[in-house]
Amino acid sequence: MRALTETGFLNFRMRAMVASFFSYILKQWWRIGADFMYYHLIDADPAINYAQWQMQCGLVGCHPNRIYNPRKQVRENDPAGEFIREYVPELQNLSTTFLERPEKTPLHVQEQSGVTIGDTSDAVYPYPIVDFEREATLAREQFNDRADAAREALQDPDVRRRASLSRKRRHQEFSTESTGTNSADTADQQQLADYS
């Protein structure tokens, strides 16, 4: 967040991680995070920013849920700790070995590096505010429970018609009772045949 507020930029992966963490792990309303990011980005585009936040927060229903793990991002994208040391100067003297999980730094290493981690008055860096693994597991379970209920609800043609973003599907009547087929699906198949 410091990089965002200081430079006005985060790469795509970092933007996705922030949205995922904010909504799935911290359980905050996506719009607050999207507004904050939009305000600070120098390349802010409402069509991209808000659509990406909705997608990363699992609100569009057509993409797999991704819960980005910040520790994995450190390992893969900042293995030398350059980004962390620049934007989290409290950890500048900490060994690269512990940058992924500063809270796991042994006390003797904290003393040697002058970096005290925890909730004491002399701590320069706090413990994590959430248990990432627990919250990620809970978020996945909740989403899977809702996904099953959504799939079941979409078996009802009226619900499926109302849920569709397609103007044609919203206004088209389904004729499954009289013909045994869905007229919207038949129309889709005909349109595809016209292009082949």
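In case you wondered, yes, glycine gets a Cβ from its N, Cα and C as well.
Caution: TrEMBL annotation is automatic and unverified by curators.
Taken from TrEMBL, the feature domain 'Cryptochrome/DNA photolyase FAD-binding' applies to 1-144.
Here the Cβ of Asp43 (FAD binding site) has 9 other Cβ atoms within 10 Å, regardless of which shown protein chain they belong to. Among the features that TrEMBL reports, FAD binding site is placed at Asp43, Ala44, Asp45.
According to TrEMBL, the feature compositional bias 'Basic and acidic residues' maps to 150-161.
Residues or ranges marked as region 'Disordered' by TrEMBL: 150-196.
According to TrEMBL, the feature compositional bias 'Basic residues' maps to 162-171.
What TrEMBL records for 175-196 is compositional bias 'Polar residues'.
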Beyond the listed site residues Asp43, Ala44, Asp45, identify every same-chain residue whose Cβ lies within 8 Å of the center of their Cβ atoms for the FAD site. Tyr38, Leu41, Ile42, Pro46, Ile48, Asn49
DSSP-assigned states of the domain 'Cryptochrome/DNA photolyase FAD-binding' (1-144) in counts, ordered helix, strand, coil: 85 helix, 2 strand, 57 coil
When a 10 Å sphere is centred on the Cβ of Ala44 (FAD binding site), how many other Cβ atoms does it contain? 13
